[in-house]
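According to TrEMBL, the protein carries these features:
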type	residues	note
ACT_SITE	25	active site, nucleophile
ACT_SITE	27	active site, proton donor
BINDING	25, 27, 247	Mg(2+) binding site
BINDING	222	substrate binding site
């Protein structure tokens, strides 16, 4: 059965009245690259005035919560640190509070400064990442650089603009030579949308490490429930009064379904209407569909 496509003020109001907590994907829902989706600022301000909880949930593994807040501030949207929840922070939460990552171990990071910042906030030691020794790689390959290191208790992979052979080979070596070393991915997104197009995402960049290590990774970000577990550890709310809003069926909507939370699919992103209402629709079905999250701004108009 096809989900309802919300179009009227009455339908919008009924939905908003049933929600206390909005879990919001960012790119494709709140903004497209550097541009805010029309009406979204009005919607966010309206929800805050009504006392509704807002949580920005993104698979972006390059930005710390501090950097995510800066992004929203620059766009004129405003956000608190508590409202920002990225896969970098969720991964640090999982390592520290779920795995109880040993103090005498370190994490080998295939990622950028934002991920390292979140690990630092929990006192988790790490190597690799932004270290120039690993980041500035040029052939020829020095095979002697790739040695087992039992002090590495986890390899954590996120989006890494400096991905290179040295990083991949070090990660594989640590994993293949230590059965207790855990492989973690912030997310497995094959692509990400920006500047009006799609580009290789974190999952595409780390697939070489997954394949060569022959390990099944623990994936933290959407659509996996680990992300929701981390959110609920920081934010107390009633899941029956929550709504996950996103533009991607395989990450955002699946995330809501896996977490037993209602979902609102936004058009204009990576999902075409044919995938919902066509002759061969997706097996992933959102609870509701709307053209744009900004359309809810009509509720701010006084009748």
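Cβ coordinates come from backbone N, Cα and C, glycine included.
Here the structure is a predicted model, which means the values were calculated and not measured.
Over all protein chains present, the Cβ of residue 247 (Mg(2+) binding site) has 24 other Cβ atoms lying within 10 Å. If you draw a 10 Å sphere around the CB of residue 25 (active site, nucleophile), it holds 24 other CB atoms from the protein chains shown. The Mg(2+) site, placed at the center of the C-beta atoms of 25, 27, 247, has further neighbours from the same chain whose C-beta lies within 8 angstroms: 26, 28, 29, 30, 58, 193, 246, 248, 252, 266, 269, 270. Neighbour counts of Cβ atoms within 10 Å were compared across the recorded positions 27, 222; the minimum falls on 27.
Between the CA atoms of residue 25 (active site, nucleophile) and the residue listed as 'substrate binding site' there is a gap of 10 Å. For the pair residue 247 (Mg(2+) binding site) and the residue listed as 'active site, proton donor', the C-alpha distance works out to 9 angstrom. Distance noted between the C-alpha atoms of residue 27 (active site, proton donor) and residue 222 (substrate binding site) is 14 Å.
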